[in-house]
Ligand SMILES: Nc1ncnc2c1ncn2[C@@H]1O[C@H](COP(=O)(O)OP(=O)(O)O)[C@@H](O)[C@H]1O
Ligand SMILES: O=C(OP(=O)(O)O)[C@H](O)COP(=O)(O)O
């Protein structure tokens, strides 16, 4: 049983839901294309928690983040209301602020069953950077909102590894509970983290976030036999192995340079220390005149194009490793799978998993979308998580700070 209180306990604790305002933290952080948020499984999964609360009569005030300050995906949550409403039989109202008088007025004006989405929490300076939960509890953001609600529910398992105000500041201020996504993802990933495997354990690590991958390798090198690297992170590791790639070729993107500046030393030391466990791409794919083109890593003289996927040779070699594995964990897309021409690496690896008898987990708010996009059967995977960094940290046995503060306040 989870050692935190759930919505079942909230219902037991509440004799009049219609008079109660609950602050529900969800994670609907999603890909953004041309400034427009794209649907993904997170919306549908969190909508079930929202619907349950609305049907019970609670006034539900939603907190969520989108992107990172300065990044292309860092936008207002206003567009997220329409996507959420696709999965709800109630309206989602929106206010373009995170806390303060206007928000307090809007919260106090809600009625039983209403859903009100506040603005992107990362537009509030109290949200970032990570800090001790007690520090985050004393921010104006937490202090202000706590006065106008009766309880806090954290449903954002996929952000539970972040010590941000909206994720760790409220449990010391309010009666706190786990939402349904938090409950199910916690159960599944904790159980997986305790499993033992007799044969080869393989992890494919990709996507865009180097620090997540670095943490995972440092913590799981003793229990994972092979790390197959890909995505933006894989290209940074190629740079650390002296391949002339892994940097931004235009000032319009910032996928590589900042991450390299902050992480190059630790990437190099990981490559040295775990060279026998880490496999890097041997070929990469890019866009040439609107078509997919590939190049062997050994043939790259200089980077003049954006590499968008692992090449076919790499994909086949990764599929071969997966075929013989006892367990495979996927975190982060192997390429820009949202574009079919550059989905080959992600699809090939997922197909190899589906065709094998291995125990498998596919994680990542973005990556898990690929299963549905390319008509694969979710039943071919043992667990498909809408979390990426959080689920993979659960495998390391590292506590998830957002879960720990829920537990501590449930005692
Ligand atoms: N080579 C690449 N260049 C640019 N983006 C990439 C590349 N490979 C993967 N991606 C992007 O990585 C994103 C997923 O990264 P991330 O958010 O770290 O993973 P997840 O959310 O699945 O944990 C996808 O949206 C995909 O487009
Ligand atoms: O998408 C998320 O994590 P993920 O990419 O590991 O799935 C979470 O919303 C956390 O976002 P963050 O990595 O910008 O803190």
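For all residues, glycine too, the Cβ spot is worked out from N, Cα and C.
Note that this is a predicted model, so its numbers are computed, not measured.
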According to TrEMBL, 364, 365, 366, 367 bind ATP; which of 338, 340, 351 is also listed for that site?
338
Residue 122 ((2R)-3-phosphoglycerate binding site) in three-state DSSP notation:
helix
Which binding-site residues from the set 27, 28, 29, 42, 162 come within 10 angstroms of residue 366 (ATP binding site), judged by C-alpha positions?
29, 42
Around the ATP site (338, 364, 365, 366, 367), what further same-chain residues have their C-beta within 8 angstroms of the site's C-beta centre?
31, 40, 207, 332, 333, 337, 368, 369, 370, 388
Taking 338, 364, 365, 366, 367 as the record's ATP-binding set, what's the max Cα pairwise distance in Å, rounded to a whole number?
14
In the structure shown, which of the binding-site residues 66, 367 has the fewest other Cβ atoms within 10 Å?
66
